[in-house]
Structures are given as structure tokens and as C-alpha cells.
Amino acid sequence: MPKSGAHQPLVRHDTDDGGETGQSVKSLADVSEEEIDSRMSRRSSVIADLLSLFRRSSSVLVRPHTRLGNPNFDDDDDEFDEEDDKEASKDRILKKIQQKKEIIQKLRGQPWYMKRKRRTLKVAQKHLQQQEAKVSKARLYKAEAGRRLTQASRWLDNLKIYLIPWEAKIRKIESHFGSVVSSYFTFHRWVLGVNITITFIMCMFVVIPEWLADSRTQFGDDRYNKTKAIKVMPPAVRARADELSTVWDFGGYFQYSLLFYGFYSKETFFGETIKYRVPVAYFFCNIFILGFSLFIILRKMAANNRRGTLSSGKTQQYLFNWKAFTGWDYTIGNPETAGNVYMANVIKFREAINDDKQKPSDKHPWIRFVARVLTNLFICAMYVFSIWAIMQCGTLKGEHFFAQNATAITISLITLVFPNIFDLLGKIEKLHPRNALRFQLGRVLVLYILNYYTLIYSLMLQLEHLQKEKNASDNPISALGHPGDAIGRTIRETVLPRYPVDNNPHTYYSYAPVTTTPIPATSSWTTVLPDFGPFGVYNPKASVTKDDTVFSSPVVETHMFGPNSDWNETTVNAASPTGATTRASLRMSQGGLCWETIIGQEITKLVTMDLYMTVASIFLIDFLRGLACRYLNLYWPWDLERTFPEYGEFKVAENVLHLVNNQGMIWLGLFFVPLLPMLNNIKLIILMYIRGWAAMTCNVPASQIFRASRSSNFFFALLILFLFLCTLPVGFVIASKTPSKSCGPFGNQSFFYSVITDVLHENLDKTLVNGIKYSLSPGIIIPVLVLLSLVIYFLIAMVTGLSQANQDLSFQLMVERTEEKKKIFELAGGKKKKSKDNTFGKQKPKQLLPPPTKGVSSDDDSQHNRSTAKSVSGRQFVPSLGSVSEVDHSTGEEQSSDSESTTSSLPPKLSLRQRFLVCIGWADPNKYGRHDDIEMEEGGGRLRELSTGSETDSDDEDSEKSNRDMSYRTAIQSFDQNSQSASASSSKSTTTAPSNSEMRIEITENPLHTYITPLRIEKKSSASSSSSSHQPSSSIEKQAARRLLQPISTTHNIRYGVATVENSSQDPTRPPSTDDSLGDPALHEPLWANLNPHSSYTSAMMSPIMNEVMSNDETTDDEKGRLIPDRPPIPHSPRELKRLKREKDQQSESGSKPSTPRPPRFRISMSPPRKPPSEKNDSDSSNRKYEMRVEKSPKKPKKSDND
């Protein structure tokens, strides 16, 4: 063999025109090093340098061009000289130009002398100029522009990674806690992006137009006078606007700002060129945001679902393998987290094993049942207490802090404390860890939903109470009359004392004279037309006048006369009741109740209170507990880090539910607080940093891993649920409630949606508006909803049917693939005689074949003998046919044919779910039994095909052999000339009686077909003939493998000859030795798998890829591409077919072998024989080395002459 690293020359076989005898050729071993050096000396050093640079080029996707011209071309020609190749396309030339430019760029970094670099650069530039001359300048500029654009896009993609917010922080958390914890922060960032989008929409279409309209309003304008009551802060409110209680309740400056619903006016904004209706924009933006949120969530879920469906169905078959190979998180970089994940995987395997095993019966099941019942009763009691507490907080009245913020504080405490109590109660139930996590999530979700709707109900009750108070305040308390409407009169009753003589009492009345003073008129009367007011305004709503008239009343003086000493003074005590004073909103005192702002203030306080409670809980529960566990552990009686209270866990599921609940509050309060998403953005940013700091400082990964990556749509399903829950109260308010008359953009409407009808009336015809009203009536909407429900049901049924059909097709493909693999492995390792036919996991009765008679072809016998497999112990590469089945045989226990027939006659037993589906009409009751019958029939059909495959006639068997061995016709060698006569005589008669002889193969190959003929070799003794009758027919393939794997010799007779096996006990599969003999008994019989020509090992060794792997030469890709010639052309013309037929007839008449066949493209040569296996030397040691060389096919063979 040549030395490693040298360029090995090609081996050429020179044949004469007649093809009678082949001249001797040189083998690879006969090529001297001087000849190799002489060939290498003809190669230019500059070209070698360019080749080395070209071999290191980054353009690896460009495949080298294979020259298909004359096979006798010189391999040492200039590889870059392609000027004569006029058939090259422009794209190919551009690729070559790009390659040469890369070579020039890499030339500077090569460790060469400067003279060598300059010389190489000169040659490369010259070739580059030649190639560029073949392409127009515009094409070059276009290619260069495309390349620069690709580089710019890659640079932008790399820059985009640095622009993603908190990407580095999330990756750091991922390295410490894994992808499960980082998925929460990724979801947190996604929710923040949604809130930023919602804020942008509300600011662009609602907030900014209202702010522009107010900025253009001046003091005394019509808009200023109409909006003064809702936009100008009264002096009494301004005096308390800076107090902490006012700011905490979002009053004062917050109340009279763009933050709440009541600040927006119902006036139309008249710009310089446009007329913008803010109420219409307010209504449509809220509806659009809800629809937009639903769309992006569904879009994200669909994308995750598409990625999830790419996984194969094998994940449901090999559960433990998938758990083992996919259970590790390779993003972890923290040893502590790695230990937690390791233990989690161990627990996961234990759980899976326990699930598969039969669960033992519980000794005391009633104790567990009672504990679970009590636990669920206690949890239900907690739900009732939560509802009662929220309802009671809504009825509290008072001026103190707790009364004003009772609802927000109560909901925040319940949200914070109750999930931890649920977790403790769940441990009493002793559920499976996976089920315990599911129950925990379900209970927390139910708690959030109850709190959500209890809050809405409490707010509605407060609204009704305030509405009643407002209606009571509308009644007049006192009536003030005009001063000129009554005449003042003073009456004095005097009781005179009785004189001593005459004690008769007398009563005297005195009347004060009343004088009337004329009042001059300060203003003249104005004549007003019926349709116009006093100011010339059309159809005024109200008119306010001011009267400065001064009234003067007469002064009446009374004087007491007569003695008063005998008057008796009587004191009368009278108590007048005083009414209770209640705190009312300023909007109510100004003539109306703005209940939308009140609800918005409550929701805003709830959102901000949740932020305060979350930060406080992180600081107290996580941070202080972590400090105590860290620094008090040395002085405590037990281990604080491992028992109680231990470090806080980062609970992904609870944190996700908390985030989803917060987003539901945002969707609920968006209609009443347009800038609530902006406040939520600030809250989410604060929580991102707080939770990230707590995770890296105080928390440890949860012991029970929440697999969010396996069900990535879990987060978004919760968002969909809360979005649906928040649309119900908002829709109820829009459809049934009456807007406030004193504030908001819908103050002059009877309903919130009336603003749409007003716009339609103003811009459309009355007939068209009436048609729209009729189309939106309940008589049309209800049938449409029913129709949509039926369509949805039909689509669901269709999708279910398609999914079932998809599963059936996947199962069929799996079965077909399994059968094909079985056939391939049978061809690779020899057909194995099946004592038990195992199809679809069920045992079939053994089919006994009758013994062969004299009229049966020997090919059938050889086929049956070939199916007999020897022991597979010790084999290295022969796979087991039982392990290739991809069907999950979970219930494939062995059953007899009698039990199968009995079971098939009985109706299938349906589960509870199947009965329910059959009851509601979603499933066919016959499909369950019919599906099994179809599988049994298909399995039986395939079994009959496999069992009767060996009983076909000899013609079908020969065609099957020839088709199977077509792929090996370039590798299997022919036999020598000495066995041609015997092979010709035996090939003429195919149906002969079997005799005590040994079988061997003759391979006759022409450009169209490959003929495989079994031959018989008569034994020299009767004893040997009797033993040879029982010799397995796999020795035929062993002989072919021996001819294939024998060392390369210098003559055709040795190379294509065949040695007759004289003794059947001699192992024909032993490796070749230095004396070209196959008698070395070192190779054990099980290693026949490596020598089988149909085995996958031999196929792999004959593949062209092994030429690159096993060879030690350093030839370039271009050189290797030229080494593989095209296959010989298949003749199609009548002349060629006649010539081939004539050659065949001549060969059959002469009884001789045709001319020397075309040499194979591949040759496998082996090193010296393998050593016997030992402790130091394994049977698969690297001493055995396979090398494959590609040879050139000779010229087109001409017509051969017979001897």
C-alpha cells in the first residue's frame, strides 16, 4: 500500500478490442513511490497552493463540477483552466468568482513566504479577470449588491439580538434555573409588549386628540364653558389635592386628568382641516383592543401548535427512551440547579415506572378518602369566606384609610395568602405529584375567577347605592321666594295687667303702616321669536340671566309702653332634628353622578395595591426567609435550609396565574380608565426587575417542575380564558347601562352604543339605516348565531375525522415501514426461518410446508435454506428483526388462534368515554370493532404474503434475485474461466431434482442485466456428499463475499477466479491472509455478518462516502469528483439491442464465457488477518482496515470475438 498522505494513482485496466484476454494491470500495491513522486512533480506549486486555499474555502455548499468527457484525460491539468467550458451557466461562473475572491482574502493569513504569496495572488487574480470577462458588468454589480445586502441583513439580525429587552438577564436566569423558569420571564416580556401596543392604540386615537382639543381651548370659549364642570378642578377639591389620602384614592389631580373616563368630553374636535369624533373613537378603540388581544393570543397559540405537531408519533411509543434522552436541560449552568434537575428526572422515572406497574391495594383507603373530603370542604369554605369578605368590604362607610381601601386590600391579601394554604392542604390528600400540581393550579384559578366576579358584583351594588343617593338629593329642601312677593307684617300681642279696681284683661293690636316703593326697571324687555332664544341661538337648551335690582323694605319699630313688672316670663325648650351628613362625590354635588370614574378608581386602586403587596411579599417571604436560613442555620436546632422553612421556591405556575389575573384586570378596567395599560407597563417593568432579583438572590428551583415547554399553550389558554371573562361585564355595561349625563364622552346618549347610530343617521340614508337596524335585530342575530354554532360543530367534527384519518395513515405508514425494514434486514442478513410469525404482536399458527419433491426447483430449496438463521450471539452488526417493529405492542400478548376467533365474535367492550361519544353521536359504535378487524385482516394478509413468498415459482424467484442484486452488480466479482462450463450446463435446466452437491453462484453481467445462476459441485466422496446435503445454502453468499473481499491481485484470472470448497467443514468466511488463502480459522462463525454481501456493513463499506473516510490521501473535492465516472449508458436504439442479442446468442452457442466484464468501480482490500479476540484485543479492533478505491470504467466495449 502507498504511504499515508501520498496521492495514490488510478488503476487502469487495459483491454483489447476482442476482449478475449485481459492484459496484466498494476495493482495499488505495485505502484512505486517513485512513480507517485513523478506524478506529483508535474503538479505546479502555485496550483497546489490554490488547491489548499480552495479546500479551506467557506463556500462549502458549491459542489465541484465532475468532468464527463474522455476518461483518458490527464488529472494533472490546470483545474482553474475553464475557458473552454462554454456550457457553464452565469450563476456557476459567479459562484466561482466568489470562491476566488474568498481565496484572495484568505491568502494574507497563510504562513507562507512573501514570494509564494505574490505568485499565488498573481495566478488567482489572472483567473479572476478571465472569469469576470465572461460576465457582464451589470451582472457582477447585481451579484455584489446581493451579497452586500445579505451581509447587511445578517448584521441586522445579530444587532436585533442586542436590542431585545432583558435578553441577557433572561439568559442568565436560564443558566441558573433552566428553561422552565426563563419561560415565565419570556411570557412576562410578551405580556408587556402587548400592553405597550394597547397603550399606543389608546394614545393615538383617544388620548392625544382629546389633549389637542383641550390645548386649543381658551378661557371663555364655547368648549370651555361646556366642559368646565368636568375639566376644571373646583377650589374645594384643589385645596385637598396634595394630601396623601387624596393621591392614594386617585382623586384630585388624577381625577381631573386624562387617566379616567369622566375627563373626556362629548364634544366633537374641530381641527383646521378635519372633524374628529372622540366618542366614536373611544368606543371603537375599546372594541378593537379586545379583538386585537384575542387575535394575537390565538396566533401565538397556532404557531406553538404548529411547532408541536412537528414531533413524531414515536414519542407515545418509547416513553422511557424519550424521557431519558430529552429530560435534561442543556441550558443549565449552575451546579445546584443541575442537581435539582437530576433529582427531578429521577423522580419522573420513578413515577413513570409506578404508573406502568400495577398499583397495590391501599390498606386503609377510607382514611385517605375522608382526608380528601375534609380538605375539599375546607377549601370550599375558604371560597365562601373570600366571597363574603369582598362583599362586606363594599358596604363599609367611613373616612379612615381602611374603609376607603377595604376592597383592594382584601382582594390582595386573599390572592397572596390563600394559594399557600391550598398548597399545605394539598399535602394532606397524598396525591400523585403531577395530579397535586394540577389540583393546585385549578384551585388557584377558581379562586381568581371568584374574586374577579365578586369584585364586579360588589362594584355594581355600590353603583346602585350611589344612584339611589343621587336620586334622593334631587328633591328640593326649601323654596326661596322673591322679596317683593310678600308683605311684611309685625303683630304684637299684648296682655295688660289687671288694675286693682278692674282686673279685666284687654288686648291691644298695633298695625305698622306699609309703604310701597316703586322699583325702576334695570333692563328692557326683548321681543323673542318662537325658534330663537334671547341671544340669537337656535333651539337653546338653557338661558341664565342676572338681576342686580336692589329692594328696600320699610323699617317697623315697636315700643313697649305701660308697666311690665307684672309680666311672667315663660321659657319653652324646642329641639329640631338634624339630618345625617354623608360624604358625596363632587360630581354628585354638581348635578350628576359619574359612576364610570368611581369604578375606574376602584380598579386602579386594586391594580396598584397588588403591586405593593407583591413587592412586600417578595421582600418579607423570600428575602428575609433566605437571610434567616443562610445566617441562622448554624445556631438552629435543625437544618433550616432543608427542612423548614427552607429557601423560597420560584413557583412558575402560581406566578403565571398571578400575571394572567393582573392582565384580566387591565382588560376589565380599560373602558373606564383609558390609560390603565400605561400604569400596568410601569408595574410590569418593576415586577420584572423585582422577580429577577429575587430569583437570582433568594429563590431555588421548584422541586416539582412545571413543564411549560411541553405544553407551551398553557399560558395563552389562561389568557384566553380571562379575556373571555372580562368581556362579559364590559359587554353587559355597554349594552344595558345608561351612561352618566354629567361626564364622559357618552353623556348625551341613552346607551353607550347610541353614538354609532347617531353617526349612521348623520352620514347615511334613512332607508339604509333602517335596514341596518332590522339586520341587527334579535330575530336576525339569533338565527345567525345558531348557524355559526352549527358551522363550528361541523368544522370540529371534520377536524376530528381528519385527525383520526391522519392517525390511521400514520399507523399504516409505520406498519409498511416495519415490513420494509424486515425485508431489508432479511436481504442483509439472510432470511430467517420463522418458527413463529409475529405480526401485529399476535402469534399465528405455524404453517407446515410439505417436503420438496423432485419436480420442485432447487431455487426454492435454497431460498428456504437461506431463511434459516444461526445463533446471533456474538454478532456485531446483524440487527434483530424483532426489534425493528415500530408498533406499540402494549397489549400484544400471545394468544392462540382459537381465542382470537372467540374474541372476534364478541362485541367490543367500550369504555365510558367511548359510550359517551356514541351517545351524543360523535362516534360510530361499529368503528371500534371494525378498526381491530381491519388491522387483523391486514396483519393476516401480510403474514400470508410472507409465508407464501417462498412458494412462488422459479421464474418469479429468479427475477426477484436479479432485481435484488442489481445494486451489487458493480461489486460482486465473476467466477473464473474453469467453472464456466459447469455453470452454463446447469443454467440451461432450472427444474432438476436435488442431489447431494454443493451450490455456488455464477454471475453473468452485461450492460442490461445481471444473471445469477446456481451451480452444483459434485463431491469427491459419498461421505462428503451426504454431509453437503445438509449444508446451509448461505454458503453460496459466503462464496460471493469471499470473492468480493479477497485481496487484489495483478491478474484477471486470480482476481476473478473462484476456488472450489473441497471440505464443507472448512469456514469460507475467514479473513484473507498474506498468502491469499482463506484458510485462517481465526475468524469465528458469527462474524459472517460482516462478510455477507447483502449486509448493511458491506453496503456501507462499498459506498462512495467510505472512500473519503477510510482513505489517507489528500486529494481535493474536484479530484474526487472526477474519479467517479458515469454509469455505462443503457442501449435504447434497435442497433444496439440487436448487437447485444447477437452477442448473447454467440455466447450460448459456444458455451463459453463472454469477454472480460467491465471492472467494478469499487474494490475493497483488507489488511493482514485479524488477531483472535482477547482481553487486550477486541474483535472489533482497528487492525482490520477497509480501504476502497474508485477505478475508471474502461472504454465502451466493442463486439467480442469467440475463440
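A Cβ is built for glycine as well, from the same backbone N, Cα and C atoms used for every other residue.
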Position flagged as N-linked glycosylation site [Swiss-Prot], chosen from ASN195, ASN405, ASN748: ASN748
Candidate set ASN225, ASN1063, residue annotated N-linked glycosylation site in Swiss-Prot: ASN225
Cα-to-Cα gap, ASN748 (N-linked glycosylation site) vs ASN225 (N-linked glycosylation site), nearest whole Å: 16
Contact call for the transmembrane segment (191-213) against the transmembrane segment (714-736), three or more Cβ pairs under 8 Å: no
Segment proximity, the transmembrane segment (780-802) to the transmembrane segment (665-687), 3 or more C-beta pairs under 8 Å: no
Other C-beta atoms that fall within 10 angstroms of the C-beta of ASN748 (N-linked glycosylation site): 14
Within-chain partners of the transmembrane segment (441-463) [C-beta distance under 8 Å, separation at least 6 from its ends]: 379, 383, 386-387, 390-391, 393-395, 407, 411, 414-415, 418-419, 422, 595, 598-599, 602, 606, 653-654, 657, 660-661, 664-665, 668, 718, 722, 725-726, 729
Distant-in-sequence neighbours of the transmembrane segment (276-298), which means Cβ under 8 A and at least six residues beyond its ends: 194, 197-198, 201-202, 205-206, 209-210, 213, 264-269, 667, 670-671, 674, 716, 719-720, 723, 727, 730, 745-746, 749, 752-753, 755-756, 759
Positions on the same chain near the transmembrane segment (714-736), where near means CB under 8 A and six or more residues out: 187, 286, 290, 293-294, 297-298, 300-301, 304, 445, 449, 452-453, 456, 656-657, 660-661, 663-665, 667-668, 671, 708, 751-753
Chain-internal residues, separated by at least six, CB under 8 A from ASN225 (N-linked glycosylation site): none
Where ASN748 (N-linked glycosylation site) falls in three-state DSSP terms: coil
DSSP-assigned states of the compositional bias 'Basic and acidic residues' (1133-1147) in counts, ordered helix, strand, coil: 14 helix, 0 strand, 1 coil
